Amino acid sequence: MESPGESGAGSPGAPSPSSFTTGHLAREKPAQDPLYDVPNASGGQAGGPQRPGRVVSLRERLLLTRPVWLQLQANAAAALHMLRTEPPGTFLVRKSNTRQCQALCMRLPEASGPSFVSSHYILESPGGVSLEGSELMFPDLVQLICAYCHTRDILLLPLQLPRAIHHAATHKELEAISHLGIEFWSSSLNIKAQRGPAGGPVLPQLKARSPQELDQGTGAALCFFNPLFPGDLGPTKREKFKRSFKVRVSTETSSPLSPPAVPPPPVPVLPGAVPSQTERLPPCQLLRRESSVGYRVPAGSGPSLPPMPSLQEVDCGSPSSSEEEGVPGSRGSPATSPHLGRRRPLLRSMSAAFCSLLAPERQVGRAAAALMQDRHTAAGQLVQDLLTQVRAGPEPQELQGIRQALSRARAMLSAELGPEKLLSPKRLEHVLEKSLHCSVLKPLRPILAARLRRRLAADGSLGRLAEGLRLARAQGPGAFGSHLSLPSPVELEQVRQKLLQLLRTYSPSAQVKRLLQACKLLYMALRTQEGEGAGADEFLPLLSLVLAHCDLPELLLEAEYMSELLEPSLLTGEGGYYLTSLSASLALLSGLGQAHTLPLSPVQELRRSLSLWEQRRLPATHCFQHLLRVAYQDPSSGCTSKTLAVPPEASIATLNQLCATKFRVTQPNTFGLFLYKEQGYHRLPPGALAHRLPTTGYLVYRRAEWPETQGAVTEEEGSGQSEARSRGEEQGCQGDGDAGVKASPRDIREQSETTAEGGQGQAQEGPAQPGEPEAEGSRAAEE
């Protein structure tokens, strides 16, 4: 497909200056004016030469194919029809039929329920867009779709692009799909993509070569490149060696593997080496493959070749490679033990397999760190602004704000990074969380710890804990009402070392890991004393006793640090349980120093600690104190009730208008607010305050012409409010009598029968005393 005005412009070999300028501007501003890779008549691309091997990002795929997945004219039935044959996770966005917003429709698995399509409303606000029920907010719809392609959050499973869009390699193919619009869902292109098998990337096959070909290489060795990342090589030889783990397989019958004289590449040939004997071996004995690893060193005897490099010399991505010690032996020396030499090939084979699996995580971590350093990206701007804001000064609920920012940044990073990293969504979230801790919490750790220490020292928490630790050491197990004894000195020192590691760690997840290790050591010591039947009732006193002898008041800071910054999903698991146990134990120790106060039992202290923690997590109580529940009586629809948010100083007149709006009353002048109390309705004056009414009644919004005695409720209650004598009340209620009418028992019984289904229906009220003239006048007026 040619763009108008582009065919025939310039020679076939050289693009015109105008097309070059257009392509340059398009590369400068891809987000504002995307230029598609449409070929011109010469076979080139109108948008300028595209870099070979360039991967189209997920955001570009969504932007170019917006007419396919954004169907604002489609209704719910059309969405069901288009998604009925699609694989689970396929989605489209339509306009809601019942609400003024857009809806995200997603195909569900067959066994998920009666409906195979779920709809989620997309809410728009000044801060961005978000799904209904989710706390994640994004700047635009495309960013939201990108994020939910990698993380499901409230969805049943992550979103998935149609296969034709996902496998498109160039902008030209995506533009061709975009031109189809809604017809893409029923086109042959989509059907062909569905019927075809879901093939993964074609990996390069290892080809067995003859001994003559192998001898042409340096040191008669075969190089095996890691096929997981064939196109991710760096510009230098050292970078190539880092990115592609090379394994040299010996062609001799015996090859004890030991550290080489010089790290490869290249592999030097040792002087005086015995000539290769592979020419006398059949090719089938050259290399025996295993399906689990991919290579195996043949057994036998023969001269040794230059040894393999150790894992420490190869940057294979193992997280523990920098912490392990080197392989014993000097350079160029053979293995010191024949038994160790026989085991090394298998160990190195297993290590190579693990390194290949861990390499994607290192790549994701490096990519996430680069994005967080770049202010031009959404995640980078959020992270850098967060660092600047925290360093500027303390704020209320600072740790909770940091945790929310980390969750938002993780969703943005998940949307930025493509799915080609060979990581599952759950593993991707774990790697991104770890990268965020390194980029955000590591530099902020000293600042946050100093602020926590100042705050806890100012309110006396640290002082009370230090005094409680001293008393617990002096009193022993009797301070907690327990007969348990301390673990052995060796076990106590092991627990102390784990707690010291916890204090030196900046990541909350790593701190919880150290806490679990310490608690495991304590459980082992507890079972040694009490047997297998020991439980939480014995564990909490033992934990408090061990903490007292470790004498680490700084654990109070770390308990709050972990509780606020730990990922919310981890708080409900084993880590959250033992973190709560640590907080309860510290609270129990802090209470020992208070004079004339008996220490609570472990169970009571645990409940109190949980209550305090929930108070920090839940919103304040005053947020719910401005709510009033009003019942609505109507002859046609019966009785309904609603909870209304009323300002503190709102009057009854304001509440009347609010009720008329909420209950959709067509004639609000004929309705009024009444207080149902003592089997009677009392008309409320317009000037009374809504939040200062008697609490022993029910607010009812009903027709004002129903029978009632004249007057104001304030006279019966004796409050003496001046609003009862206002002009508006005199117009609404003629007379100065009682404002409430007492219903007869028969009428009350009839009313209870009409309102038996959950509401107060229309009440046919009679006079309390038939002989009273005011009641008879009211009945006559009603007739």
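Each residue, glycine too, has its Cβ placed from N, Cα and C.
Taken from Swiss-Prot, the feature compositional bias 'Low complexity' covers 317-334 (among others).
The feature compositional bias 'Low complexity' is assigned by Swiss-Prot to 762-772 (among others).
Taken from Swiss-Prot, the feature domain 'SH2' covers 69-163, and the record attributes it to sequence analysis. Residue counts for the domain 'SH2' (69-163) under DSSP, split into helix (H, G, I), strand (E, B) and coil, are 21 helix, 28 strand, 46 coil.
The residues of the domain 'VPS9' (456-598), classed with DSSP into helix (H, G, I), strand (E, B) and coil, number 113 helix, 0 strand, 30 coil. For 456-598, the entry in Swiss-Prot reads domain 'VPS9'.
Summarising the annotation, Swiss-Prot assigns domain 'Ras-associating' to 624-706 and lists sequence analysis as the type of evidence.
Annotated N-acetylmethionine per Swiss-Prot: MET1, in sequence order, evidence recorded as a large-scale study or a structure entry.
What Swiss-Prot lists as phosphoserine is SER3 (among others), and the listing cites a large-scale study or a structure entry.
What Swiss-Prot records for SER16 (among others) is phosphoserine, and it gives a large-scale study or a structure entry as the kind of evidence.
As annotated by Swiss-Prot, phosphotyrosine applies to TYR36.
According to Swiss-Prot, the feature phosphoserine maps to SER210 (among others).
As annotated by Swiss-Prot, phosphoserine applies to SER258 (among others), with the evidence given as a large-scale study or a structure entry.
What Swiss-Prot records for SER333 (among others) is phosphoserine, and it gives a large-scale study or a structure entry as the kind of evidence.
Among the features that Swiss-Prot reports, phosphoserine is placed at SER337 (among others).
Taken from Swiss-Prot, the feature phosphoserine covers SER351 (among others), and the record attributes it to experimental evidence.
Sequence annotations record features per position, and here Swiss-Prot assigns phosphoserine to SER609 (among others).
Residues or ranges marked as phosphoserine in Swiss-Prot: SER611 (among others).
Looking at the domain 'Ras-associating' (624-706) alone, the prediction's average pLDDT is 81.
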